[in-house]
Amino acid sequence: MVKGEKGPKGKKITLKVARNCIKITFDGKKRLDLSKMGITTFPKCILRLSDMDELDLSRNLIRKIPDSISKFQNLRWLDLHSNYIDKLPESIGQMTSLLYLNVSNNRLTSNGLPVELKQLKNIRAVNLGLNHLDSVPTTLGALKELHEVGLHDNLLNNIPVSISKLPKLKKLNIKRNPFPKPGESEIFIDSIRRLENLYVVEEKDLCAACLRKCQNARDNLNRIKNMATTTPRKTIFPNLISPNSMAKDSWEDWRIRLTSS
């Protein structure tokens, strides 16, 4: 794309437009939501709104994030997923208030991830899935507050041991990578402490396909349980339900509800 050229349906973002896109989150934080607006270049005018707590530029046509993004010193939540970004700026390491970073579904390579990422000492969730990473950045091993890491759908053939030693890691997604040994990903995951928090959704909130998937999984669990014992047992996990597309912030965790009857 020629420098300065706009996308086919690009929208000019003015300061007035940006201000109209500010929302207040349920916990009183200020979010600037510029997602799905056909933006082709990072709008410089939003730097005048650098007091935002959250910034959503996802599902646009952005190719480059400028160093000036570090002016968002209060930012705790940055969503850049589904763009055309192939490199993150070194200045991202200065955004030490960040708790959540989503850069999935871009064109990032391992060389496009700066070592300055290791300065994000407070970050808890990073999603690097659906990119072109052929190795895991060693900087991730320095982020001791990480609870969730997404590395799915990349070009990885191994995972460094430092990732499994992250003290607070609860969820790691490394599915659909070309690991050379069958089952390597499962063995790696087994070395990590299991997820402690499970979330509940009601059956009425599930789409038909998700509900069928859950019911099939529940039936399979019951069959395995029945094969392991000769004594008739009460059905286990009567309300096992699977990932819900509506709960996007859960990173596709399984939800399980245990009820007594």
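Glycine is no exception: its Cβ is also placed from the backbone N, Cα and C atoms.
Helix, strand and coil residue tallies for the repeat 'LRR 1' (28-49), in that order: 6 helix, 4 strand, 12 coil [DSSP]. Swiss-Prot lists 28-49 with the feature repeat 'LRR 1'.
If you look up Swiss-Prot, you'll see 51-72 marked as repeat 'LRR 2'. Across the repeat 'LRR 2' (51-72), DSSP classifies residues as 5 helix, 3 strand, 14 coil.
Counting residues 6+ beyond its ends, the repeat 'LRR 3' (74-95) has Cβ neighbours under 8 Å at 29, 31, 35, 50-68, 101-109, 111-114, 116-120, 127 in the same chain. For 74-95, the entry in Swiss-Prot reads repeat 'LRR 3'.
Residues 58, 73-91, 124-135, 137, 139-140, 142-143, 150 of the same chain, all 6+ positions outside the repeat 'LRR 4' (97-118), place their C-beta atoms under 8 angstroms from a C-beta of that stretch. Taken from Swiss-Prot, the feature repeat 'LRR 4' applies to 97-118.
Sequence annotations record features per position, and here Swiss-Prot assigns repeat 'LRR 5' to 122-144. A Cβ distance under 8 Å defines the sequence-distant neighbours of the repeat 'LRR 5' (122-144), meaning residues of its chain 6+ beyond its ends; these are 81, 96-110, 113, 115, 150-160, 162-163, 165-168, 173, 251.
Secondary structure of the repeat 'LRR 6' (145-167) per DSSP (helix as H, G, I; strand as E, B; remaining residues coil): 4 helix, 3 strand, 16 coil. Under the heading repeat 'LRR 6', Swiss-Prot lists 145-167.
Averaged across the repeat 'LRR 7' (168-189), pLDDT in this predicted model comes to 77. Per Swiss-Prot, repeat 'LRR 7' is recorded for 168-189.
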